[in-house]
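Per Swiss-Prot, the features are:
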- E581: active site (ACT_SITE)
- R596: active site (ACT_SITE)
- R647: active site (ACT_SITE)
- 1044-1064: coiled coil (COILED)
- 911-1064: domain 'Peptidase S74' (DOMAIN)
- 360-371: repeat 'BNR 1' (REPEAT)
- 496-503: repeat 'BNR 2' (REPEAT)
- 608-619: repeat 'BNR 3' (REPEAT)
- H542: site 'Binding to sialic acid' (SITE)
- D545: site 'Binding to sialic acid' (SITE)
- R549: site 'Binding to sialic acid' (SITE)
- D578: site 'Binding to sialic acid' (SITE)
- T598: site 'Binding to sialic acid' (SITE)
- R599: site 'Binding to sialic acid' (SITE)
Amino acid sequence: MSTITQFPSGNTQYRIEFDYLARTFVVVTLVNSSNPTLNRVLEVGRDYRFLNPTMIEMLVDQSGFDIVRIHRQTGTDLVVDFRNGSVLTASDLTTAELQAIHIAEEGRDQTVDLAKEYADAAGSSAGNAKDSEDEARRIAESIRAAGLIGYMTRRSFEKGYNVTTWSEVLLWEEDGDYYRWDGTLPKNVPAGSTPETSGGIGLGAWVSVGDAALRSQISNPEGAILYPELHRARWLDEKDARGWGAKGDGVTDDTAALTSALNDTPVGQKINGNGKTYKVTSLPDISRFINTRFVYERIPGQPLYYASEEFVQGELFKITDTPYYNAWPQDKAFVYENVIYAPYMGSDRHGVSRLHVSWVKSGDDGQTWSTPEWLTDLHPDYPTVNYHCMSMGVCRNRLFAMIETRTLAKNALTNCALWDRPMSRSLHLTGGITKAANQRYATIHVPDHGLFVGDFVNFSNSAVTGVSGDMTVATVIDKDNFTVLTPNQQTSDLNNAGKNWHMGTSFHKSPWRKTDLGLIPSVTEVHSFATIDNNGFAMGYHQGDVAPREVGLFYFPDAFNSPSNYVRRQIPSEYEPDASEPCIKYYDGVLYLITRGTRGDRLGSSLHRSRDIGQTWESLRFPHNVHHTTLPFAKVGDDLIMFGSERAENEWEAGAPDDRYKASYPRTFYARLNVNNWNADDIEWVNITDQIYQGGIVNSGVGVGSVVVKDNYIYYMFGGEDHFNPWTYGDNSAKDPFKSDGHPSDLYCYKMKIGPDNRVSRDFRYGAVPNRAVPVFFDTNGVRTVPAPMEFTGDLGLGHVTIRASTSSNIRSEVLMEGEYGFIGKSIPTDNPAGQRIIFCGGEGTSSTTGAQITLYGANNTDSRRIVYNGDEHLFQSADVKPYNDNVTALGGPSNRFTTAYLGSNPIVTSNGERKTEPVVFDDAFLDAWGDVHYIMYQWLDAVQLKGNDARIHFGVIAQQIRDVFIAHGLMDENSTNCRYAVLCYDKYPRMTDTVFSHNEIVEHTDEEGNVTTTEEPVYTEVVIHEEGEEWGVRPDGIFFAEAAYQRRKLERIEARLSALEQK
């Protein structure tokens, strides 16, 4: 690491990229590269300040300077005073040695001019780089001369090594002596070297520091032979367990020594295990130790390892935090486009009740996680059956999932289906789009696109007409080419060769492709996922419902073109009894499979590998431990790194039975197995978590998990499992899944750095969407309250909404809608498409008896686009009532008539001559016929039924009599319903029905445990408004005008006859 960093000026904050012992050793300079005489050394506090140990903030104007230089200039005055005769602590020794090393590094990095330039400003006595280097050696040698700091022994000349510090020494195996390098660092020593061949022996080259035994006695912390009291004092000061006589070799019983260390060390102060393994006959309080582990054999021959804080470089994150039952992240996690996906089952309890296949995601290496997202809805036949998934992964760029259908009553498998969908990704491409002349289809070339018809794609900067924005795949030509349908065509061929363009796919906007596989025989569950190549993958399975057990895999060799085609293969039969839930992974042509042991009194889990995808196997049995959870794993280098969690406290060390129903403290372990050795006899299972919940909250059982590798870290995602309800401690008597009586089952992620020495911390972090989750208060009555305003920018799906008064005095409740649209009946009910409608009711239910009601019928309803107003009064205030379109719709109908109309004046009927044909007078044929029409008195039959002879008498005509007159006079065809004269009307009408609320019904529901619950469900019934029929009618105004014309003609004829008589 360089001790000099330079940045372009103009920023506010700058990073310090080197280590330093004191802030006074950090020098910040504004540089004018054109005129160095103008360079300005800044003063901390006035010109800049430290934001934290690795960041400064500029307070001064940087105008006139083009570079900000930050470098380290360590003072040569000893930071630690060795002359006072006091006992030095290990931290003092380390600081002194670091000071020497820092000065040497600065001598390496800084030029003579730079050293002179900052000599005064930094308070350094190093006049130039050579003086700094000599001073560093002087400090290091003075410390060593006092016998206070030893050399660090490294590898030998024969094996080779890169020496980077003055304190590192190499062994020359030929003479048994150690040598330090006295020249410029770093010094690379190739394998097969000697001191002579790699630089020579003498000042400025290799200098002997004596034989290895002497050096180890004086300065090696493992020795303490010549100066035992010095070492013991140091260890006691450091709270190193060896100060109390502990060996830490993993063989010697260190129980007594550790007990003494605990007794002598104040509570709250940690005992340092110095990275060693201590064998004990009973576990001490591990929380009081750091940087160590303990090997404990509660059962002889069955050792387990327990790691303390800082021994394993790992962190524990909580990645979900919901009131739901979040479990079963088993063998489904994967990494895609640098995002970690952790699929799991989200439900209200063990089983498939209200279950949704879900996932959470992390785009920042597991530091924070998204809110849970449901991938499946409830099954259409819910609550009889529901969806479930234990196998999911990405092949090429498409997500594949084995979606199982299971019964709620017994969790029994009834069907398997392979669902797949494109993952979201963004591509930056060059060329590859063509569009022929006079065609609307464009061909898109994207190697291994993984898309199917209907999948969403988005284009920008394509340089081809019509290929832009959101589109869908129209046809698939092959795995590298597909087409989209553009909105237009052009007269010439188009090709975007050489053009840079962008294409995106969307998981959420694309449909599932679903391939039904039916009920696969001899399968209890399908587990795990392993991508084999760009075309196919494997899924594990087990059968444990009936004997004999089966464990194996399904191999889908061509999942894109033949998703229903798979090959079934089993592990060796001697490993199948009592085995289940295989974890599978595929690395470098080898398929690995680990089973789960299911019986505490039988042999446990087993490990298998196959180089021909399950046709032949090499198998191992894990010794001693019975595993009641799966053992997910990943291959890192030559090691399989496996994780497993207990389902009962002390299961792995004391053989406790699988007991998910008891509140306890199950733990998580991990182990490594080298695939080149392929031997599990000496495998070490190391405890990495004591229990998974923060704050020491107990949980009743730890569920199965998944393992992924990203960059330099391995991630183990796992969760709680409780058979009774979503709460991990206790149970509510009514078994209401939405009442709180414990701590919810949630998911956790253990993140561990990959390396031969896994040490740093063992922390718990809350990574479940901090500051992004909706604040929810969850009361014990099952009601959730969101005490904050919320804004939804997309579709919001709600099963039931109650809007309460928004004011303290309960004056009103308001729904305020901004924009062009209000309530829209969007979705069609899946169980009854004909029932698409929206009901607005002024009362507390959907029945018109509770209040006035308006019902809007959707286009897919049996009564398409109908509006029904139901109330005792329909009042229109302060405005005219008008039809939208002029003279198009009628008021009432032949079967839906108003009884009467109350008007303040006579109605006005349009009689504009400009809208009529040339007027003609009544012809004699019509008037002759009209003379035969009878005017009568009558009573309505329905009125007679109600009132008898007191029914009112009406005046008018009979439409059928007018019809008969017209037929008799040749004005209508016999048996015809069509009349040329509008005075007579005939209408046929269809049967009219409606679905209305009838009553509430108590419905019983039985869960998988036989518990019966009841709900009150509304019952609707169909009512007939009227049956199919026909009606004859007349237009009264036509009758009046016809009668007037008839009478006028009659009077005219009488007047003509009188006039003729008078003339005689």
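Cβ atoms here come from the backbone N, Cα and C positions, even for glycine.
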The average per-residue pLDDT within the repeat 'BNR 3' (608-619) comes out at 98
Counting other CB atoms within 10 Å of each candidate's CB, the least crowded of the recorded positions D545, D578, E581 is D545
Same-chain residues at least 6 positions away from H542 (site 'Binding to sialic acid') with a Cβ under 8 Å from its Cβ, in sequence order, are V523, T524, E525, H527, R549, E550, V551, G552, A579, S580, E581, P582, T595
Counting other CB atoms within 10 Å of each candidate's CB, the least crowded of the recorded positions R549, R596 is R549
Recorded positions near D578 (site 'Binding to sialic acid'): from D545, R596, T598, Cα within 10 Å gives R596, T598
All chains considered, the count of other Cβ atoms within 10 Å of the Cβ of T598 (site 'Binding to sialic acid') is 20
Rounded to a whole number of Å, the separation of the Cα atoms of D545 (site 'Binding to sialic acid') and R596 (active site) comes to 15
Under a three-state DSSP reduction, the secondary structure at E581 (active site) is strand
What DSSP reports for the repeat 'BNR 1' (360-371) is 0 helix, 4 strand, 8 coil
DSSP says H542 (site 'Binding to sialic acid'), in three-state terms, is strand
Its residues classified by DSSP, the repeat 'BNR 3' (608-619) shows 0 helix, 5 strand, 7 coil
